[in-house]
Amino acid sequence: MVVLQVHFLLIPFLMSIMGAAQYLMQDAALLSYIDQRFLSLEKRLEKCNQDMLEYVDEFRDFSKMVLSRLAGLNTDKAEVKSEVQNLLSRIDHAQRDIDYFGYIVTDSNACVEVHEDLVKQQLLEEAEEKNRLKLMLNASCDHVLAGIRSLKVVKKTGGKHGSWMKDPGKKHTKIYLLSGSVNNVILEFANIMTFMENNHTLKARTVPLPLPWEGTGHVIYQGFLFYHRYGSLNEIIKFNIQRRNVADQMLLPGAGRIPAYQLSPQTKIDLAVDEQGLWALHAEPETGGNIVITKINHVTMAVEHSWDTPCSSKNAEAAFMACNTLHVVYNSPSGGASRIQCIYDVLDALNTYINPGLHFPKRQGSHSTVHYNPKEKQLFAWGDGSQIIYKLHTEKK
């Protein structure tokens, strides 16, 4: 009986133990499942984080590339804008030249009829205008060069090629030094005494040019530097020295193909200033190498008139304009006594002096430039690295 009671008591106990074990097994399986799900979720989160970091790196690289391309586009935009402005300027100059020479561009089938009386009237007006201009120029310029009296070596600085000058305008005392046949830096001195000092370069104001020059035929006039741009055939730049920017530019027809002077091959265009303003001197193959004179309006940078001269560029080393008259300086290829051997007056073209016999005094060598200063009536020359002033002897016409 007791055994039977114990049996009946053990059965529920064993049943409860088995149920608890079953629940424990189910809980363990559930915990294992949950643990696996957490591990899977952690892996996915880690992969998501890794993908996010990769996307951030890619976006950073993409941003850098976009910014770089935007910067390049801005640079290209500025270059295109500059080229368009330059093209518009060239078109404007071309239009002015076309207007000056009187060309009228029409369709190929167009027919132009000009009345004979109108042509005669225009020719008469042009002749009257030339006579008026000739009288005016003769009235304002009544002297001729009779000789070169003396020289003064002011300084010896720089190489074989270069130029130095003063602005012939009113109240201009500054000295400008342009060393070399290709350069883009001007040295400006307060006056000639400062230029003559031993440490002169320390007291000079440096003026950089945005476009370099070629040759030694530059001039300074009315606060502007006029020069032949390096790398161009015949482009003349007008540079504002005070504002340090390019004010204007022009193309000189026919120039730049051969040197202006055989003994100074570095100079294709030689600019000059006299009592009447700005001139350009160059040689052309079509004239047999003879020198061509061009009068330029320094304000509008337009060609006013050109003259073919009988003065040869062979054995010429320099030239200058004085009182509407071209004076060509000749020498020997090995260097010797410079002499003015051809004089051409643009207002009296029939009176050309091929051998006036004007010799430069007391000096053997060659000149890179010889420029006339109409205010001081002196020549500013660069000879074998020396900066020289020649005083002139003039006579009434």
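Along the chain as shown, the residues are counted starting at 1.
Note: Cβ is positioned from N, Cα and C throughout, glycine not excepted.
These features come from TrEMBL:
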type	residues	note
SIGNAL	1-21	signal peptide
COILED	70-97	coiled coil
DOMAIN	140-396	domain 'Olfactomedin-like'
DISULFID	C141-C323	disulfide bond
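In the three-state DSSP reading, C141 (disulfide bond) counts as coil. In the three-state DSSP assignment, the secondary structure recorded for C323 (disulfide bond) is coil.
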